[in-house]
Amino acid sequence: MSSSYDEASLAPEETTDSFWEVGNYKRTVKRIDDGHRLCNDLMNCVQERAKIEKAYGQQLTDWAKRWRQLIEKGPQYGSLERAWGAIMTEADKVSELHQEVKNNLLNEDLEKVKNWQKDAYHKQIMGGFKETKEAEDGFRKAQKPWAKKMKELEAAKKAYHLACKEEKLAMTREMNSKSEQSVTPEQQKKLQDKVDKCKQDVQKTQEKYEKVLEDVGKTTPQYMENMEQVFEQCQQFEEKRLVFLKEVLLDIKRHLNLAENSSYIHVYRELEQAIRGADAQEDLRWFRSTSGPGMPMNWPQFEEWNPDLPHTTTKKEKQPKKAEGVALTNATGAVESTSQAGDRGSVSSYDRGQPYATEWSDDESGNPFGGSEANGGANPFEDDSKGVRVRALYDYDGQEQDELSFKAGDELTKLGEEDEQGWCRGRLDSGQLGLYPANYVEAI
């Protein structure tokens with residue numbers, strides 16, 4: 001029996017994951033198909049980013065439009081108003097830049113990948129790509145002779161291992177027969193002949209196994225050379241894809257990186273100049289001259305009566321009757337419109353064009369605090385018959401000095417209809433006057 005024989009050698013040979021094993025070239029072939037799919041993935045990636053750029057640009061435009069209108073209608077004035085408005089201008093310009101990013105991504109980067117993919121991969125009528133089939137055929141042709149030798153080698157090895165197994169079994173039987181009295185000399189001779197025959201089979205199969213192994217060793221260099229040649233062709237194809245996609249990614253980076261865009265830098269240079277141009281003293285002087293002590297005034301002068309002139313209507317007579325929009329603020333008797341009272345500190349609810357009370361008179365006919373009945377201008381807050389009793393549905397804590405506070409279930413007197421801002425005038429049983437949310441009460 002061959003001394004190199006071991007029963008472990010009868011176990012199935014473990015296949016390795018090496019490229020040189022039969023069929024393991026398929027990973028290299030699959031890489032070609034993967035390259036085509038990765039081009040599609042990159043185009044989808046770019047397309048999604050373009051959608052994000054477009055949406056962000058539109059959001060900036062909408063935001064700038066809304067706030068530009070609010071600022072124009074709001075109370076801010078002068079150079080600071082212009083500085084604030086410059087933020088909206090920045091948004092519009094940046095929006096345009098993001099739209100440019102979107103256009104560059106779609107019209108340049110995506111189209112570049114699409115055209116390269118079309119030139120690099122050629123579809124076949126029967127499916128798949130020409131490049132994939134060429135690689136598959138090249139590897140198969142290079143591997144075919146060696147694969148045939150490997151098949152012969154596997155068969156020779158299997159025959160040799162089987163002969164060794166038979167030899168060991170025959171020797172075991174022959175040795176056991178010597179200790180058994182029932183075995184005749186003739187049977188003993190047959191067992192010995194079997195052992196001799198098995199030894200001859202082992203010798204023959206070993207010689208054949210070694211010869212085939214030698215042949216495989218001789219064909220291996222040529223096999224490796226042929227496989228390397230096909231593999232290098234695949235490497236060159238893949239190198240083109242890798243280099244190309246790297247260039248595309250750099251183009252994408254250049255289009256996305258607004259920090260290196262001269263127009264983007266110019267936008268913020270202009271914005272900073274606009275903000276630094278705001279001058280508090282200039283704004284204060286402007287307000288003084290247009291809404292403060294610096295305004296011109298037609299001071300009262302003695303005017304002779306002229307019977308030939310028509311009756312001159314005073315400003316008070318021309319002034320339209322105040323709507324229900326008069327609200328008492330506190331015990332000092334200050335008055336403000338309900339539209340102003342309804343504005344709770346947000347410029348979005350402010351209207352620069354809203355009217356302001358420009359007339360003041362101690363004439364009780366126009367003074368809601370006057371109590372004389374002779375002038376027909378009785379205080380509406382002093383007569384319960386002119387109010388409506390209501391009950392609070394919820395607790396409310398006044399946020400401003402002109403607002404009432406009450407608890408759910410408290411009763412008070414409603415002294416006017418709900419204004420456009422959702423507020424009503426009312427009076428608590430304690431006599432306090434003020435505003436409250438109209439939807440916080442119900443009629444009794």
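Here the Cβ of each residue, glycine as well, is placed from N, Cα and C on the backbone.
Swiss-Prot lists 13-283 with the feature domain 'F-BAR'.
On the 0 to 100 pLDDT scale, the coiled coil (26-275) averages 93 in this prediction. Sequence annotations record features per position, and here Swiss-Prot assigns coiled coil to 26-275 based on similarity to another entry.
Under the heading region 'Disordered', Swiss-Prot lists 173-194 (among others). Sorting each residue of the region 'Disordered' (173-194) by its DSSP state yields 16 helix, 0 strand, 6 coil.
What Swiss-Prot records for 309-386 (among others) is region 'Disordered'.
Annotated compositional bias 'Basic and acidic residues' per Swiss-Prot: 314-324, in sequence order.
Per Swiss-Prot, the feature compositional bias 'Polar residues' maps to 329-351.
A sphere of 10 angstroms centred on the C-beta of Y394 (phosphotyrosine) encloses 12 other C-beta atoms. Residues or ranges marked as phosphotyrosine by Swiss-Prot on the basis of similarity to another entry: Y394.
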